Amino acid sequence: MSQLSQKHLLGIKNITREDIELIFETARSFKEVINRPIKKVPSLRDITIANVFFENSTRTRLSFELAEKRLSADVVNFSSSTSSVKKGETLLDTVNNILAMKVDMVVMRHSSPGAPHFLAKHINANIVNAGDGTHEHPTQALLDTYSIMEKHGSLEGLKVAIIGDILHSRVAISNIFALQKLGAEVMVCGPNTLLPKFIGALGVKMELDVRKALRWCDVANVLRIQLERQQIKYFPSLREYSLYYGINKKMLDELDKEITIMHPGPINRGVELNSDVADSEHSIILEQVQNGVAVRMAVLYLLAGGKD
Amino acid sequence: MQKKLILDTHLLNITVNRLCQQLIENHGDFSDTAIIGMQPRGIYLAEMIHRKLESDINRKIDLGYLDTTFYRDDFRRRDTPVKANTTKVPFIIEDRNVVLIDDVLYTGRSVRAALDAMIAFGRPQKVELLVLVNRKYTRHLPIEPDYVGKDVNTMDTQKVLVELEAQGFKDNKIWLINKESE
């Protein structure tokens, strides 16, 4: 099989294990490409991609833009803060206007869960979800699982703990789906207030004690505390969170085992991760960033391929 | 389905030996020349030739694998995207001679893509093309091989099938097949 089962990448939930494996296989080839002296291939030279970001992003947007440019696609960028959305235009109108200029693919980030799904029903172009509210962030999950696979060989039977703000995290949801599809065991860990009520229904273990979670897992994916999404206080103070859930080198040394530390960025140094962990040999944070470009190239390449 | 055997193990060895001799004639000790096999199937022939050349001239020769998937001109014209293979060119090709190797030369489009792909690794002094089977009169582009294992006259309804031991087949056999008329 050399084709994805979907026309869009809206979430990990609706793609298959075979899709994920195909993306990984293709990403491996692109990783070789981006490590060449000339990092560019002409595959998407007749394609125009719009990066439509209704929500702030640095890393994801940069990563997508690089991926698009290394595939030779034409790229237009759009951010809501400088656009007509401020003047009251609807999402569908905005995107239709962009598509009227002959754009083939849309990479979209939006603060409302389901926004890309809505769009997929109404427009013809391929859509890649670059994060929709607290719902899914599929390419982040793909690059996370790809990075784990690169380090551990396979995810089958691997124990992965997702630690931190699960409630507000689209990265967590997408990661849970991806990890489970690839055969890993998943645990979520965080203060009670930041664990969604029904997360157990997804078949994941729940843990309140971060030390126990670290003892259990082979890989810890530490998430950022998303202060911008918290309208009410979920814990007394950052200092207290860091005291109970912050991970430092001493905790890892006490474990006396191989453990991989990941973080989707941006890190709040000294809150969820101490600098001595973020910069340690356990951390694969910068590999994640590099793999992000390769994985996104693979997604765009596979979605754009095939006849219209 | 009609099948005609055009090369077997015995003939293939003779052909590979001859190709190696021709290469040595033109490239001497290969100090300025690298060999690049084209993915997915040209690499087996490239490995055979590379092995033979190294034992003949008793010297290490650079061997690389080149995947042309991302450089093809039929992307979005096929029903599904082509799956990529490994590219491994662990040497500099700037100002060197390159012998590009593939199993069958048909339309010439993969060779065009390979030339494009190769430029990403530098500007070679000279590029030559070696193919095991040259299908004549089927070219879509002005591309001709410098070294040919065997020339065959074929029609569009025919196909050349290469089975090599290195690919896991029992014997080396190269067939000319008449595609079933639909």
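Every residue, even glycine, has its Cβ placed from backbone N, Cα and C.
The following features are taken from TrEMBL:
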- A:R59, A:T60, A:R109, A:H137, A:Q140, A:G265, A:P266: carbamoyl phosphate binding site (BINDING)
- A:K87, A:R170, A:R224: L-aspartate binding site (BINDING)
- A:7-150: domain 'Aspartate/ornithine carbamoyltransferase carbamoyl-P binding' (DOMAIN)
- A:156-303: domain 'Aspartate/ornithine carbamoyltransferase Asp/Orn-binding' (DOMAIN)
A:R224 (L-aspartate binding site) and A:T60 (carbamoyl phosphate binding site), compared by Cα position, are separated in whole Å by 15
Sequence-ordered binding-site residues within 10 Å (Cα) of A:R170 (L-aspartate binding site), taken from A:T60, A:H137, A:Q140, are A:H137, A:Q140
Fewest neighbouring Cβ atoms within 10 Å among the binding-site residues A:T60, A:Q140 goes to A:T60
One should report the C-alpha separation between A:R59 (carbamoyl phosphate binding site) and A:K87 (L-aspartate binding site), rounded to whole angstrom, as 27
Out of the binding-site residues A:R59, A:R109, A:H137, the residue with the smallest number of other Cβ atoms within 10 Å is A:R59
If you tally other C-beta atoms within 10 angstroms for each of the binding-site residues A:K87, A:R170, A:R224, the top scorer is A:R170
Fewest neighbouring Cβ atoms within 10 Å among the binding-site residues A:G265, A:P266 goes to A:P266
One should report the C-alpha separation between A:G265 (carbamoyl phosphate binding site) and A:K87 (L-aspartate binding site), rounded to whole angstrom, as 32
Students should find that the Cα atoms of A:R109 (carbamoyl phosphate binding site) and A:K87 (L-aspartate binding site) sit apart, in Å rounded to an integer, by 19
Spacing of the two Cα atoms, A:Q140 (carbamoyl phosphate binding site) and A:K87 (L-aspartate binding site), in whole angstrom, works out to 31
A:K87 (L-aspartate binding site) sits from A:H137 (carbamoyl phosphate binding site) (Cα to Cα, rounded, in Å) at a distance of 28
Students should find that the Cα atoms of A:K87 (L-aspartate binding site) and A:P266 (carbamoyl phosphate binding site) sit apart, in Å rounded to an integer, by 31
Taking every pair from A:R59, A:T60, A:R109, A:H137, A:Q140, A:G265, A:P266 (the record's carbamoyl phosphate binders), the biggest C-alpha distance in Å rounds to 17
Across the domain 'Aspartate/ornithine carbamoyltransferase Asp/Orn-binding' (A:156-303), DSSP labelling yields 67 helix, 24 strand, 57 coil
Once DSSP output is merged into helix, strand and coil, A:R109 (carbamoyl phosphate binding site) belongs to strand
On average, residues of the domain 'Aspartate/ornithine carbamoyltransferase carbamoyl-P binding' (A:7-150) score a pLDDT of 90
